[in-house]
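**Q** The L-phenylalanine binding site annotation in Swiss-Prot covers 340, 423, 448. According to Swiss-Prot, the feature Mg(2+) binding site maps to 425.
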């Protein structure tokens, strides 16, 4: 192992002194004091020696403390003034004649606190002019002995009070010693050669051949250095960006929709009955203003027929939900509970010509649920969903798309389980395998039911899926509490890797 010359000089100091433990002053006889700590830090990183720190609290007199030591503390000045002038008392207002302006309040307060005086009709009356003051004694002692460890518990309390009064300050002094470890002991058993080092070659050295007289200092890429945290995006933003790039690379197009939606677009078009529990106030945020929105009448009639009896005009699609559909409910506004509404609105906007062409779209955006906040639920979170519409796509194609999508996100092991959603049939849940955690549910998917597509005149099959990005972020970042994502803990943000695939 090649050592720096300063490291060698430090080890040679141990070798020459025949000691295993040395302090800073002893080592500075062999190597400049400012280089000792740097060399010791390097050697401790190589496990050659251990840096031992001994912290001591010490007192230091302030200018006020020094002045009080040379003359008197304010309380004593007042007592001596009364004594020297043969007075029985002194009016409080006359304190300004004896003390500085900033001393009068503190002096009077301390005289009363120490129970040395009484106040009689605005006059200060001393009980004993020759009183003994512990603060004066401790202040004198501090001028001779700075080490707090040499003081009793009562004296330390007095010192703390003197600090509050500005007579002294308390500092922490760190004494360092350096002890050789086994690697260092083995190293100094052999002669230590110190050859002058250079960090760069000059033309003159090469031409004259003097470069042979020097050691060229090698670069050590493993030497401990200060950690630097560059500016970077929030981990959640990085995951959103990554998912966006993955889907675009798979040929998808991004679409958007508004946060506030009518129940028609958020629920009715997805064949979710109006009495479904998910539409209750405990699960959905209803908008107070505007509390209603505009619903396209032609689509409303078609969706209403599907819900009530499964028909559009005279065409029978299914049995429907067999209940009385309320158009007023469809007009109510909510904060969207999913981003699937973006895909539905996109499908509804397609012209007859566009419906003939394959479509692949996705949406990444915020959704809102009236959830109780806990370690795995938030009322606002990011969701990603997508659809594929084409002539011959089927359930197998859906599984293939999902596996490819998850593989690009870094999940090699994926398994599919059957599931139920009101607007897809068949439906599935995809689980991914993570070392140490096992199989974890990550997304839901399925094939849109005819009841969802027929009102828009779409005859081709449409594959649909959705994934909560907060859930993905928790898996990626090893979090057990979803709230940690949004606490903005600066230490966690600095130390979280830019990519966690």
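Yeah, the Cβs are placed from backbone N, Cα and C, and that goes for glycine too.
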**Q** Among all chains shown, work out which of the binding-site residues 423, 448 has the most CB atoms within 10 A of its CB.
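**A** Per the Cβ count within 10 Å, the most buried is 448.
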**Q** Taking the Cβ of residue 340 (L-phenylalanine binding site) as centre, how many other Cβ atoms lie within 10 Å?
**A** 28
**Q** Are there any residues at least 6 positions away along the chain from the residue listed as 'Mg(2+) binding site' with a Cβ closer than 8 Å to its Cβ? List them or say none.
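**A** Spatial neighbours, sequence-distant, of the residue listed as 'Mg(2+) binding site': 446, 447, 449.
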**Q** Three-state secondary structure of residue 340 (L-phenylalanine binding site) from DSSP?
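**A** Helix, per DSSP.
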**Q** Taking the mean position of the Cβ atoms of 340, 423, 448 as the L-phenylalanine site, which residues outside that list, in the same chain, have a Cβ no more than 8 Å away, listed in sequence order?
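**A** Along the chain, the qualifying residues are 270, 271, 343, 344, 421, 424, 446, 449, 452, 462, 464.
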**Q** According to DSSP, which kind of secondary structure is the residue listed as 'Mg(2+) binding site' found in, if we only use helix, strand and coil?
**A** strand
